[in-house]
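Take a look at this one; I'll ask things after.
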Amino acid sequence: MTFSNLGLHSFLEKSETVTPAEAVPAPAASESPAPPAESGNITFTAKVAGESLLKKPSVKWFKGKWMDLASKVGQHLQLHDSYDRNTKVYTFEMEIIEANMTFAGGYRCEVSTKDKFDSSSFNLTVNEMVSSRQDANAIDFFKYSYSSTQILIPFCRGEGKSESQSDVDVWDILRKAPPTEYEKIAFQYGITDLRGMLKRLKRIKKEEKKSTAFLKKLDPAYQVDKGQKIKLMVEVANPDADVKWLKNGQEIQVSGRYIFESVGNKRILTINHCSLADDAAYECVVGDEKSFTELFVKEPPILITHPLEDQMVMVGERVEFECEVSEEGATVKWEKDGIELTREETFKYRFKKDGKKQYLIINESTKEDSGHYTVKTNGGVSVAELIVQEKKLEVYQSIADLTVKARDQAVFKCEVSDENVKGIWLKNGKEVIPDERIKISHIGRIHKLTIEDVTPEDEADYSFIPQGFAYNLSAKLQFLEVKIDFVPREEPPKIHLDCLGQSPDTIVVVAGNKLRLDVPVSGDPTPTVIWQKLLFESEGRVRVEMHEDHCVFIIEGAEKEDEGVYRVILKNPVGEDKADITVKVIDVPDPPEAPTISNIGEDYCTVHWQPPKYDGGQPVLGYILERKKKKSYRWMRLNFDLLKELTYEAKRMIEGVVYEMRIYAVNSIGMSRPSPASQPFMPIAPPSEPTHFTVEDVSDSTVSLKWRPPERIGAGGLDGYMLEYCKDGSTEWIPALPGLTERTSALIKDLVTGDKLYFRIKAVNLAGESGAATIKEPVTVQEILQRPKFWLPRHLRQTLVKKVGETVNIVIPFQGKPRPKITWLKDGQTLDSKDVGIRNSSTDTILFIRKAELHHSGAYEVTLQIENMSDKVAITIQIIDKPGPPQNIKLVDVWGFNAALEWTPPQDDGNAQILGYTVQKADKKTMEWYTVFDHYRRTNCIVSDLIMGNEYFFRVFSENLCGLSETAATTKNPAYIQKTGTTYKPPCYKEHDFSEAPKFTHPLVNRSVIAGYNTTLSCAVRGIPKPKIFWFKNKMDLSGDAKYRMFSKQGVLTLEIRKPSPFDGGIYTCKAVNECGEAEIECRLDVRGKQLNPMDNPNTAMRRE
């Protein structure tokens, strides 16, 4: 059984317990029984390939049609499941322990997920078998056989190959089998249209009887995958014979796709690149003989070769999801958060196909479009997430550097795309506070910072940061102070700065911007200017400009290495002057180290990181977190507001998918480079707590517990269960079992009698432990006294009848604690252990007789004894055999055409009531016996209609429940029928008119069929003379339409419709006309759309007929 392309595929297998460490391999589905298993245990296994399943599939086991076996879990039946993380396969097992005859019957396993379903049926036969050892007190062996139909199902990315049974030629089996075995073969090999197959088989047998033109005909059916090549070959008796190939009754012409070959006696039709149009009926015609076959073209599952990618866009932007499938023009289904998307939905979504590529297009995205988008084919599933954030901010005009003089006005202005965006102004990294001299305004899209009466203290780097966006618009304000001094002709050089005290002046510049230092100087003659950086040599990016009243020091594209103390020296013949200026370069932070992941859950995790080693000279304002799937290249932002803390709980992840995380640090200058990606991790969650945790049994030193698997297991699978107990009054929980157990029951041994214990159980997987399921009340370790009582099965309340030589196996369940003493008696006497086997367990007692004899009949009594309490039941067994022959048979009288017989009942009735007699006669000439009376109750009879002139012998068999007697009582002397001289005069009859108008004896029935599969409409009509038949669809005559074939046989009328489509639905009318009148009848045919099930099993070809 398999859910292929939920590539979910599964299969059903069977294993039997031979020893505790060995299992018999699963046999092929055939009629040969499995080898006997000594332990009497058997396990059926269903495996589901869950490579792309988001959740664990649901599995149910049924016996018969509706009995859910989950409610029958106990001592003789266990259900297990497990998950292999390496192969990503779910395994579900049903284990039958110590099977008995009541476990025989039909079983069914159903596997389902959210939108997929499949089932597989199988039979279990339990045959009793006793070993040849002397100790035959128990049933030692059971033989099992089963049949199962393995089904292939589409579920996820179909990389896995479908598994199926070994090829079986069902046609050959049906041809060789007797008609009584047809239904058994149909059930074993999953044949659903048995009547159709038998009709074709009958036609095939007819063809095989008379074939002079063909040495070897076409097989009844062929199957080929779409796009592959197939050859249809026959062998003709005459090497020079010409053949014709027909498709749906039309002759095939030679083309590039159809190739005819003639090699000796072989005639070959080759069909290249088979398509669905080649799914048809084919005939090879030689003269007047034909060989018929049907070709089924199997469409392979559509696989997703390139999956969807996660996307993050701005509001209003165009979204285009793209995936690639294995076949051009394939049909796919798009879903958003589990809801199918259609073109009619406000025309929002557009679907596009380009060869093997499939597209989902959203022209103008909105915030509501965020979610998980899924593309599904009949062979795979791919999921991607779309995040739509507010529209990206655009800067139409940035702020510019300003150079102003004292008392002038400085205006910084910028314009952004969104007029609703607010922001803050910074001066050297610190927020600007407006006052009477400094004004901040926001009008529409324009933001202004106005500084009145500029002073030297206003010289700095100014920045504007829009709120909610990682933007930083910066510029520099240069203060130019003009001093006019009257000095003598010769003046020593002087640097005019207001910071010539002890602490140097500090200039702040953003990395990458131009650093420009305007230093007013004076001196006569004009002094020489020398710029120096302490402990560092200048590079080629540095230049100096000299003017009359000031000098300019410029560094193009400031870097962190440019940070430091700069010294300016003025020299002229009169003297020199110098000053130190400190330059501080601020930048974006260094990237943080790779984040770490902890507290991983079903769809969430906690991300931790450390601040960057270098903050860029400005405080870190926050962090931006991104994630991506491991196999993807697209990173998605998780937060739009800056994260202030060093941890973040990421949510809305898909369980079972591997992710990576990275982090950005943001300061007032901008955003750092991304950190290295975190270690890959997979969101998984611990399972839920086990369910139905109960106490099954208690003894003086043991407690038996049972439970059911958790309702939710998740992608992490289930490693096992941890069982603990705690003494009443204590808080210490003690492990009840060493390690984990995978079973759903446990027997806790070596407990102290009288202790009161609490028990709890947890399910464990990769993600950790589940919550605990506990038993609320303490359990006292003490044998519970239970009154003995038999539960006598219904069929044993009546006399049990068995034939001589059959096996007698009586199982009687009972209750009682402590274990009761069991005594069997027959007619008040103790049973002989050499003749009858007795096996007792804690829950039932079994009486076993390998070969029943007549002396085994009698009244059996079994007694349960616990101290002074007891219970007993009586069982009557009747062993029967075939009776002896009747006695004293004699011929009483013979007259005319009659003979009278008498006899007496047999002396031995076989220990059963005589049900009747079988009387036979035989002509003395031939001595061939013919039955005259069957199940005749009297002991005398008259045999009539004997032929004159012949002599007859008679014999009588007696009959009871076991059958006819081995021998018969035969008359000693024959009965002679004398001839008479009478002459026979035939009576004169008036000729009767048998003419009759047509009349339908069986009506047409309304039908609903699936498109693509042949269907028939049948009815029955009578009329004399034979009526002429007409078929109509919606009042239109179908006689000339090649799609319809009409048959009439023995008054049964059949209309065959080949591969109907939804357009073939309608009202169909059958009209019968002869000279006596006419009649008509009609029905409705509904044709449903074909359900895709691409990974059919080998029996699909037979079902589609």
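The backbone N, Cα and C atoms fix where each Cβ goes, and this holds for glycine too.
Feature annotation from TrEMBL assigns compositional bias 'Low complexity' to 20-32. If you look up TrEMBL, you'll see 25-125, 209-286, 300-394, 788-876, 998-1082 marked as domain 'Ig-like'. The feature domain 'Fibronectin type-III' is assigned by TrEMBL to 591-687, 689-784, 885-980. Per TrEMBL, region 'Disordered' is recorded for 20-40.
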Mind checking how the domain 'Fibronectin type-III' (885-980) divides into helix, strand and coil residues in DSSP?
0 helix, 52 strand, 44 coil
Please count the residues of the domain 'Ig-like' (998-1082) that DSSP assigns to helix (H, G, I), strand (E, B) and coil.
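Final tally across the stretch: 3 helix, 54 strand, 28 coil.
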Determine how many residues of the domain 'Ig-like' (25-125) DSSP places in helix, in strand and in coil.
7 helix, 50 strand, 44 coil
For the domain 'Fibronectin type-III' (689-784), how many residues does DSSP put in helix, in strand and in coil?
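Looking at the domain 'Fibronectin type-III' (689-784) with DSSP, the answer is 0 helix, 45 strand, 51 coil.
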Quick check for me: are there 3+ Cβ pairs below 8 Å between the domain 'Ig-like' (209-286) and the domain 'Ig-like' (998-1082), leaving out pairs under 6 residues apart?
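As far as Cβ distances go (cut-off 8 Å, pairs 6 or more apart), the domain 'Ig-like' (209-286) and the domain 'Ig-like' (998-1082) touch.
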Given the domain 'Ig-like' (300-394), which of the listed stretches 25-125, 591-687, 998-1082 has the most Cβ pairs that are under 8 Å apart from it?
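Stretch with the highest Cβ contact count: 591-687.
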Work out, from DSSP, the number of helix, strand and coil residues along the domain 'Ig-like' (300-394).
3 helix, 49 strand, 43 coil
Work out, from DSSP, the number of helix, strand and coil residues along the domain 'Fibronectin type-III' (591-687).
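So the domain 'Fibronectin type-III' (591-687) is made up of 0 helix, 35 strand, 62 coil.
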